[in-house]
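S.K.: Pasting the relevant annotations from Swiss-Prot:
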- 73-80, 163-167, 217-220: GTP binding site (BINDING)
- 64-379: domain 'tr-type G' (DOMAIN)
- 1-57: transit peptide (TRANSIT)
Amino acid sequence: MVTAPLLGWVAVRPIPRLSKLNTCKYVSSSLQSYKRSVGSCLGKQQSRDFSYSATLTDAGINLEKTRNIGIIAHIDAGKTTTTERMLYYSGFTRRIGDVDDGSTVTDFLPAERARGITIQSAAITFHWPPLAADGTSSGPSLEELESQNLPRSRASHTVNLIDTPGHADFTFEVLRSLRILDGAVCILDGVAGVEAQTEKVWHQASVYQIPRVVYVNKLDRDGAAFGRTVREVGSRLQGWPAVCQIPWFEGGNGRFTGIADVISLQGLLWKEGGDGKSVKVFDLAGLENEDKRLAEELKHARVALVELLSEHDEDMVESFFEHEDHLKVPPMTILKSLRKCLLGPEAQKIIPVFAGSSFRNMGVQPLLDAVNNLLPGPSESVDPEISLGNSKGSLGNLLSGELTLQQEPKTANIAKPKQKKKTAVAPTSVDTKHLAANLESCALAFKVVSDAKRGVLVYVRVYSGTLNKGCQLYNTNLHVTERAPRLFKMYANDAVEVDSIPAGHIGVVSGLKYARTGDTLISCTGSKMTPPEPLNTLQLRPIDVPPPVFFASIEPHSLSEEKNMQEALALLLREDPSLHVTVDEDSGQTLLSGMGELHLEIARDRLVNDFKAKATMGRIEIGYRECVLGQSNPVTKIFDREVAGRKGKAGCTAVVEPYDPESGEPSSGGEDIIFAEIVEGNRIIISAPGINISTDKRGKEESSSLPSQFDVNSFRTSLYNGALSALARGPQFAFPMHNTKVTLTCNVVEHLFGSDSSASALSAAARLATQGALRDLATGQNSGTGIMEPVMNVIISIDEASLGAVVHDISSARGGHIISLDEEMPISTSIGGNDSPESEQVVIDVNKIYAPPDPFETPSVAGGLPIQASANQTRTITAKVPLKEMVGYLKHLRSLSAGRGTFVMHVDRFERMSAQRQKAVLAELHR
């Protein structure tokens with residue numbers, strides 16, 4: 001046997017003329033000597049559907065050869081370890097980084113290396129298969145590969161990889177990464193199976209319709225069960241597992257030594273203790289001589305894979321009828337069918353599953369080939385959603401001129417109540433064909449990082465056109481124009497300056513002063529600083545920020561340090577929008593809110609160590625909410641004072657009352673309503689009698705009743721901002737208001753005073769009126785306000801022996817409510833109120849899932865084994881528990897489950913406390 005290490009890896013087929021395969025030895029040699037030796041024995045080299053023999057193609061920009069992928073998983077599943085192997089085999093690094101040693105490329109923050117976890121997502125670009133030594137390639141194009149019936153993995157692809165956190169406290173990091181991905185690799189721990197955070201992130205990825213493959217990792221560990229994990233993929237991830245590889249255990253029950261590839265019907269055997277670059281490859285005949293039991297299982301797996309694909313792809317049915325044998329269906333036909341199912345309408349139903357052990361350097365290169373072969377490029381991914389004016393559509397339709405603006409004559413965001421029938425007014429259609437010619441580039445800022453050397457770095461995904469160095473970028477969210485002085489390609493913590501970032505790629509812009517996470521950045525033709533209407537309203541689908549549930553006070557060491565602390569907080573919030581900063585009006589304390597205890601601890605470390613703020617963080621507290629218990633009297637306030645040296649006068653009337661989000665579609669009042677939306681758990685309604693809104697030819701709202709300094713949008717926004725400001729602090733307990741309905745009435749005749757009325761004065765009047773209505777309610781005899789607490793959706797994973805103790809603890813001592821055992825329902829992961837495409841759930845019969853037998857199980861297979869096959873089977877508890885009772889719960893759970901229990905939680909809703917519980921909480925807060 002001859003093998004030869006390449007930059008990536010080498011898979012060498014055993015030479016048939018040798019009588020004993022086990023006499024093969026690993027020998028280092030050059031690629032040329034490898035070709036000569038194999039060629040002399042075989043006459044013609046047999047091809048393998050992996051990338052070991054790839055001569056690489058042009059390294060230039062090619063969207064078909066670009067992959068924007070993410071690594072998603074539960075904490076400690078092996079995401080960063082797998083990423084480090086990918087970088088090593090691609091030639092990006094010369095050694096393999098280790099999480100325990102703190103030597104990884106993608107975990108570069110001091111806190112990440114100290115804790116051994118990923119805290120912030122890291123972007124890195126590499127090529128697979130690796131480029132030639134001079135950085136160029138000369139391999140075939142995808143068209144040539146197609147004509148030769150060869151896989152895509154024979155041509156070098158540019159892989160933009162994002163390694164995401166696994167800890168639940170850093171969910172926002174995962175969300176903003178998912179927003180810009182075209183595909184993802186979901187890594188599962190072969191011992192733990194499908195864990196709670198994995199399930200949560202999987203369903204979040206489904207919201208964005210991201211094609212995914214599953215990689216079952218850690219199969220070298222004791223207790224690893226690939227077959228059981230495959231069945232859990234079907235039952236918990238709501239899809240049919242397409243088993244593309246099965247593990248190779250020495251002697252059937254021994255150590256993990258390699259994998260058997262179901263697509264190519266080959267066995268891959270790695271050298272024990274090696275770096276994973278040298279692999280022996282056995283065809284089916286050779287595998288029968290080496291491990292007959294594995295060869296038989298491989299045949300079963302191939303039959304199951306072809307049968308599964310035949311149920312979802314007619315081309316596979318035709319291929320099977322043509323060859324009349326599951327084993328004779330060509331590997332390329334299977335690859336094409338898998339890709340078709342993964343990218344087409346069946347994308348949520350078929351889940352390709354691969355196997356390996358990244359720490360032992362086994363299975364990573366075939367996984368990289370699967371990324372090239374199965375996952376989509378930017379041009380094949382879902383057309384991004386956009387809003388333009390008050391209309392919604394897709395960016396592709398806008399660029400092709402097929403998007404037509406439908407401008408309602410009044411407002412587009414209002415849930416209209418049932419009214420008497422009126423004469424219908426047709427919406428105004430605005431042609432957008434001319435807009436595509438004006439749009440040079442469109443990008444989404446998905447992350448902002450403060451770098452000590454380079455300043456503020458804004459990570460962007462370019463969706464159309466090319467973002468060029470020095471171009472003028474218009475921020476459609478903030479309505480400001482900034483120049484992009486420098487562009488970079490990021491390699492974890494290192495950066496390489498580039499002249500442009502093309503469509504479909506991820507890059508970094510430095511020098512932007514205002515851009516935030518979720519902002520849309522566009523550049524247009526011409527010399528004007530502001531794009532023409534309605535192009536200046538173009539916005540890509542934003543990144544939704546989950547609500548914070550913990551907070552802590554931040555105090556500077558001295559008054560002289562307060563300015564530096566505030567500047568550091570501003571940088572921290574620009575980096576991480578899931579953090580919130582508020583100031584308590586009574587005490588003057590600055591409060592920092594976040595997603596969890598660890599989230600706030602990391603924020604404190606960054607504030608003190610990275611931004612050098614001289615400040616101290618107080619005790620971490622729970623973020624409660626305040627709700628109204630009755631309806632207030634109408635309160636009218638007239639704001640009349642100077643603002644910034646100019647006279648300002650405006651008035652407004654406000655009424656507050658309880659709002660029940662579960663009561664169905666709420667009524668929004670009469671026909672004078674110009675705004676009615678749910679914002680941060682509250683409903684804000686704005687009524688403007690006498691405003692008389694009309695729509696011009698461009699679809700813009702206008703009103704002749706408003707003073708000249710107002711347009712309809714600024715009038716509406718001023719009132720909205722005033723109400724929002726008042727709702728940030730309750731009248732009795734100073735918590736933010738929740739489940740509160742505010743109705744603002746601004747009569748343009750009575751409450752506006754010509755040129756004296758300004759936007760700031762109107763906003764102040766709305767704030768004063770809303771605050772007055774809240775105080776009126778708080779001082780009333782039969783009403784007032786109450787406290788609401790966050791209730792968490794908790795998913796607990798424990799073994800069978802600990803089930804009873806944990807259930808009793810949750811339902812009694814912690815006041816929780818058990819929803820289900822063994823997760824009968826998928827985790828709710830609504831993002832921004834959008835329903836997942838998985839609302840039409842795939843019905844999975846676990847008994848029909850093919851799964852290979854695990855070590856020490858009876859060989860079997862197409863019928864599979866029941867999920868409850870083991871006495872030590874992990875059980876899953878789903879419960880609703882008040883957040884207060886979950887603080888510090890992990891330590892208690894581990895004591896109940898002998899250290900084996902884990903849990904993940906996210907905010908389900910806010911619930912009003914009982915009087916007794918509210919009294920206890922207030923007493924604790926006033927200590």
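In case you wondered, yes, glycine gets a Cβ from its N, Cα and C as well.
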S.K.: Given the model, what does the mean pLDDT over the domain 'tr-type G' (64-379) come out as?
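M.R.: Here the mean pLDDT over the domain 'tr-type G' (64-379) amounts to 86.
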S.K.: Tell me the coarse DSSP state (helix, strand, coil) of Thr164 (GTP binding site).
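M.R.: It is coil.
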S.K.: Reduce the DSSP letter at Leu219 (GTP binding site) to three states and note it down.
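M.R.: The three-state answer is coil.
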S.K.: Let's check the environment of Leu219 (GTP binding site): how many other CB atoms sit within 10 Å of its CB?
M.R.: 26
S.K.: Taking the binding-site residues one at a time (Asp76, Thr164), which has its Cβ surrounded by the most other Cβ atoms within 10 Å?
M.R.: Thr164
S.K.: Through the lens of DSSP with three states only, how would you label Lys79 (GTP binding site)?
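M.R.: DSSP assigns Lys79 (GTP binding site) to helix.
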